Amino acid sequence: MTTIVSVRREGKVVVAGDGQASQGDMIAKGNVKKVRRLYNDSVLVGFAGSTADAFILFDLCERKLEMHQGNLTKAAVELAKEWRSDRALRRLEAMLIVADKTTSLIISGTGDLINADNDLLTIGSGGYFARSAATALLENTDLDAREIATKALTIAGDIDVYTNHNHTVEELNA
């Protein structure tokens, strides 16, 4: 798996992820870019799960964003509906965090759309570790969104064997 973190703070939104790809109990690659920009660089997307499946979902997400002129909520609803109802897509094993200037969501293959709680979202095998660390940092420090996401990923990477310390961090002004 992996760890993806999204943090919103002080007019910034950050989506960050580690770079480890695993095959069973073996590390296949250590520098996979699991966080990308879509729709004219206005939407950040991070994935956890199967890399091949995630690329299919990135493409589908881009098409839904274009169809809805960049309206992330509408695009996410349509993506979740199609992902859940299409026989081939239903078999995809991945989760997405998507964020733009105003909205952060988790999209899952079961059709779930989850809004950010306390300006924080995490997915992947190290998600609970990263969430705990980021929550503590949000509540007890003045660190910015980028620093919180990076520190949370580092802590998750120290604990979770499926998360490494090779981070990709993308940021938008919110």
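Placed from the backbone N, Cα and C atoms, the Cβ positions cover glycine too.
Not measured: the values here are computed from a predicted model.
Counting every protein chain shown, the number of other Cβ atoms lying within 10 Å of the Cβ of THR2 (active site) is 30. Summarising the annotation, Swiss-Prot assigns active site to THR2.
Under a cutoff of 8 A between CB atoms, and with a sequence separation of 6+ in the same chain, the neighbours of ASP160 (Na(+) binding site) are MET1, THR3, SER125, GLY126, PHE129. Look at Swiss-Prot and you will find GLY157, ASP160, THR163 tagged as Na(+) binding site.
Listed binding-site residues: GLY157, THR163; maximum Cβ neighbour count within 10 Å falls on THR163. According to DSSP, ASP160 (Na(+) binding site) sits in a coil region rather than a helix or strand.
When the Cα atoms are compared, GLY157 (Na(+) binding site) and THR2 (active site) turn out to be 9 Å apart.
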